[in-house]
Structure formats: C-alpha cells, structure tokens
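For reference, the structure discussed in these notes is given below.
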Amino acid sequence: MLLATLLLLLLGGALAHPDRIIFPNHACEDPPAVLLEVQGTLQRPLVRDSRTSPANCTWLILGSKEQTVTIRFQKLHLACGSERLTLRSPLQPLISLCEAPPSPLQLPGGNVTITYSYAGARAPMGQGFLLSYSQDWLMCLQEEFQCLNHRCVSAVQRCDGVDACGDGSDEAGCSSDPFPGLTPRPVPSLPCNVTLEDFYGVFSSPGYTHLASVSHPQSCHWLLDPHDGRRLAVRFTALDLGFGDAVHVYDGPGPPESSRLLRSLTHFSNGKAVTVETLSGQAVVSYHTVAWSNGRGFNATYHVRGYCLPWDRPCGLGSGLGAGEGLGERCYSEAQRCDGSWDCADGTDEEDCPGCPPGHFPCGAAGTSGATACYLPADRCNYQTFCADGADERRCRHCQPGNFRCRDEKCVYETWVCDGQPDCADGSDEWDCSYVLPRKVITAAVIGSLVCGLLLVIALGCTCKLYAIRTQEYSIFAPLSRMEAEIVQQQAPPSYGQLIAQGAIPPVEDFPTENPNDNSVLGNLRSLLQILRQDMTPGGGPGARRRQRGRLMRRLVRRLRRWGLLPRTNTPARASEARSQVTPSAAPLEALDGGTGPAREGGAVGGQDGEQAPPLPIKAPLPSASTSPAPTTVPEAPGPLPSLPLEPSLLSGVVQALRGRLLPSLGPPGPTRSPPGPHTAVLALEDEDDVLLVPLAEPGVWVAEAEDEPLLT
C-alpha cells in the first residue's frame, strides 16, 4: 500500500510539471478556434507529453469594425527565443510579445487574431500566459471626432478633404473650403533614413521638436553602426507616440525582419525611459506613424558599451559587464544622482548623498521622507525590507549570497528556487527548472524507503529463522559429530547406593546398599525386611534396648505402615490375645511360610523372636442382614491346638498386601462353597489375609510412635 501511494505521488508530480503540455486540437490545428463570446479568457495550453514537437495555436475573436477589443494580461512569461505571442487586428500592425505590457492593449477593427507559437526541439519554455479579452464600443475623447462607424479620428481630420473614418462621415456636411485653423501645416524636412556612425549620438523622430500632423502614414529608419564590435545601448529618453504609432528596434543591419526584432514600443510605453541593448555592434531603429497622428514621436540616444555620453557620469568599476547588470547602464545622468534608485549596479549614483554617513545609501530622493533613512550595502537585496517604501529591495542587479535574483529585479531566498511554489512576483524562480519533485514528495519517498527497508530486514530475519528450524529437524537423522556424540552419550552419574557399594563414600547407618546382582523389586523388599528384622529387640522384653534407625529409614517405615504395606507393632498383651485365638487350621501356615520346626523353635511367643513379625488377626465374617439374630451363646473352649507360628513372615505379609491392593479381583472362582474344614480354614485364612491387609493399630500406640519423631511431609 505504501509503495502504491509513493508511485501515485510521483506520477502526480510528473503530470503537474509545466514542461508537460498538450495543445487542444480546436486551437492548434487548422482551422483556428473562433471565439464568439463578447468576453472571455485565454491561456497557453498545458503540456502533457514532451517538448519535442513545435506548436502553432491560433484564436480568432470575432467582432464588428465599430468595436474595440481590449486585452488585459494577468500573466505573460514566455521564453523569447523559442516562444512568441502575436496579436493582429485590421487597424493595428502586428504586435509580438514575450513579456506582459505595462497596460491593457486596445485593438480596433473588430476581428483580432491571437497566435501562440513554440519552436519545439526541447527548447526552453516560460510560465505561459493568461489573458482576458472584452469587446467594447470605442468612446472618443473630447478632442476627437466620432464617426458613424464608431471610429474615433482626430478633430483636425474633420472636413479636411480626406475620408479618415472610412465611411465618409468625417467629411459629411462640410463646405468646399475647409476651416483655416484645421488645415495641416507643412512639415519641414527632417533627417530620416540615415546612418549614424559615431560612438555615441542623439536622434529623434520627425516632428518631435514641434507638434505637426501629417495627412499620410510615415516611416523612418536609422542605422546605428559605430564600427565597433561591442554592443550598443539605445536609450529612449522620451516617448510620445500616437495611437497606432510604433517604434521597432532590430539587431544588426539589413531590412527589418521579425527574427531580429529586439523590442517594439507603442503608445502604451509613453512617459517611460526604455533602454534596449543589442546583441551585436549594429542596430536598426524603425519608426511608423499613421495618418494624422497626434503623437510627437521619440527622442533617443545611443552609445557603445564602455563609453558614456559627455553629459553623463560613468558608474564605478563594480558596474562592468556581467550577468544581472541590466541593459548596459554603466552611465547615469545628473537627474539620476541621489534619487533613491540604483541606476548603477554598484550604487555609485547613490553614494555620498546628503544626509547619510559615508558607506550608507539613502532610502529616497532629497526632499522626501525616505531621504533621512540610510542603510548599509549588506542590507540591500537580501529579501529583508529595510526602507519603509522597500527602496533597498528594488532594481537589484546583484543579490546577497544565498539569494536568487528574479527577472523583475527582486531577490528571494535561493532555497526557494524550483521548489514548486512561485515566490517571485513574476514566478521566474520556477522558470527553466529541471524536473524536481517537491520537498514533501521527497520526504515521503525517503520515509517510505526506510520503512520498506525495515520490513525487508524483518522478512529476511524470519526467513533465516525458519530455514534454521527446518535444517535442525533434518539434522536429527544426520550422523552426530564427535563433540555432539560426547555430549549426548555421556554416562549417567552413579546413584548414592552404588557409591556406597563401590566404597567411594562412607556408608550411612541403616541405608540399604544396592546389590548389582539383584535389581528386582522383590530383592529390594527383602533388603528392607532384613533391616526391619534387625530392628526388632533381641529379648523381646519391654526393657530391651531398640536399635536406633536412621531418620530416612524411620520416615520410610512410617509411610509404609500408614499405607498398610507393613503391620503395626503390637504390645505383649495383644500378642498373647492373638495366640489364644489361633485355630488348628493355622498349622499349614508354617508350610506356607517355608519355615521348619527346628527353625521355628528359636522364636518365642510375644515377640521374643526378633525375626518374626506379629501375627495378623483373623477377620470374622459380618452377619447377614437377612438372617435373624441368634441367641447369644458362649463358645466352648477349643481343645489343645497344635503349635502354630504366631507371627507370619513379614515378607509374606507384604507380598499379600501388595497382591490385595494391586490385584483385588483375584480369587478362587466358584458358585458354591464346601463346608469349612481344616484345609479350608487355612485357605480362608490366606484369603482373609488377601482381603484384609493390616489392621490399624491402637491410637495410643500410633500416637506414641508418632511422638517418637515428627513426620516431615
């Protein structure tokens, strides 16, 4: 998603660049586009693809001959070498523009043709143009005569015998003798169509010194050729052109051609001082007037660059040739001295003015409010206004370091050039820019690239981790290396019992040593029972001294007794009571225990034999609920019983207890039972031993034994 957004931003910046244009077919192809509206706007078509192909777009504004088309330029910035905008009307000569005129253009005659041309071949392009037009009826001045066709002619053309209106309305109703005061005076012969070869000179149009009206159009040409290869500077010190009059300046000798045109002046330039600089050492000045023109013409001077007129003062050394110096103004007149405007590039004409200390420049001419304010050279043309009227930021031939000079002779910050936002008043800081993305797009692209790089690193890390895990799974079936084999195939450390048996550590009292040849559970139980037999008191009397067991062993024995795996220890009284309850059927128990008569003789009743465990009591069958209670009878004392071991083997008791706990369902199946007999009594005893594990000892004995040592759980 982020990459798609960046691509859209880049594409939007490319489409918004002014060097990409496309010309609409209705204006840039034959026939030209016809505009029938009374008013409207026109602008240079926007560029889309490239600047390789030339273009020629034409618009035709239709109107009647009685109407005047007024054209106002909101913007006009064209590259004079490769772009041109021309305007033509029936009553107006061709006007060629690449910069905006100072005032609106009024083109009489109705139909006006506007043509925009571009050379192509990737030639430089300006910012384009934007103009508005309107068709109005021409309102004549007080000293003019309005014809029936709404044209305005001079009042002196009224009844002069010449049809100036075109419809004869200016001659209608006139007597045969014209008014003597309106008869034109003869014009004296003045120098015209001459060549001026001096290094400097002065020339003027015919009739400039005195106002004279000519009844026919007039054209004059001056060739300026001082025979020097340096450039010429032609300065028009006074302009008073009539409506329809024009002055054209061409570079080089020869007949006037539009390709060599340097500047065109009309009545819109009246009252201004205009300087034209040639590209070569020669120039041609052409002057054209219309019939009965009320303009006086012009007055001009010329000189070779590097020289000044005798009545002018030279500028300082800092005003030599170079970029940004203007139109060859290396000289200034006395009227330009201390007027608050820099006519020299280094400000020589504004140095040492009254009211300012040395090294300072005044903000205005003498006698004005700005004459008392002075500024240093470092405060000039730095895009920071010092003077109240901004005189320190006007007519900048050079800008302070870090600033850019606009074509309107003002300065802006250099970092603002070609940033996509016009900062100069004429927008020249965005002209002739190579394709540069705005800072916002560049910032977004950098941040996006960093994020993408981070995501790529994370993806690579995850891939490597997954690959390592997959490789580790496959390595299970691979042969182990020597180091891995040593780690995996290590022998387990010996147990505590093995260490005691091997003599590595001293034996602990009552801790069963492990026999390497006997690893069965039965062997371990026999070892445990052996310890229990050794724990019995040899005499069996109450005063016999018990052998002290280890703490671990005592804890183990207590747990086995609690679980019912070992019988409780009985007192002598309980042992004698058990002997009195033994039946003759207990004789086969001696055979089950595996003991012999002589071997049993060594034991004593009541626990005298240390190796004999106390006998297990016989469980009496519970009375059935369905049977009626029988009268209580005292059983007769049985006869003498054969000798019976009172204390069955501890091993058999433990084994039977394990059998009863683990295999409780084992028993002799059969639906019927035979009457009890001597043999069945023995089997019943064994079965009862299987069912009844170990009777619980009396609470007093258990408590007394528990108080012997607390149980740690």
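Yeah, the Cβs are placed from backbone N, Cα and C, and that goes for glycine too.
Quick caveat, the model's predicted, so the values are computed rather than measured.
The disulfide partner of Cys374, as annotated in Swiss-Prot and taken from the candidates Cys353, Cys356, Cys387, is Cys356.
For Cys174 (disulfide bond), applying a Cβ distance below 8 Å and a minimum sequence separation of six or more within one chain yields Arg158, Cys159.
For the domain 'LDL-receptor class A 4' (398-434), the number of residues in each DSSP class (helix H, G, I; strand E, B; coil) is 6 helix, 6 strand, 25 coil. DSSP assigns Cys331 (disulfide bond) to a strand segment in the three-state reduction. Cys98 (disulfide bond) has a Cβ environment of 16 other Cβ atoms inside 10 Å. Under the DSSP three-state reduction, Cys98 (disulfide bond) is assigned to coil, being neither helix nor strand.
A sphere of 10 angstroms centred on the C-beta of Cys381 (disulfide bond) encloses 22 other C-beta atoms. When the disulfide-bonded residues Cys147, Cys152, Cys315, Cys396, Cys433 are ranked by how far their Cα is from the Cα of Cys308 (disulfide bond), Cys315 comes first.
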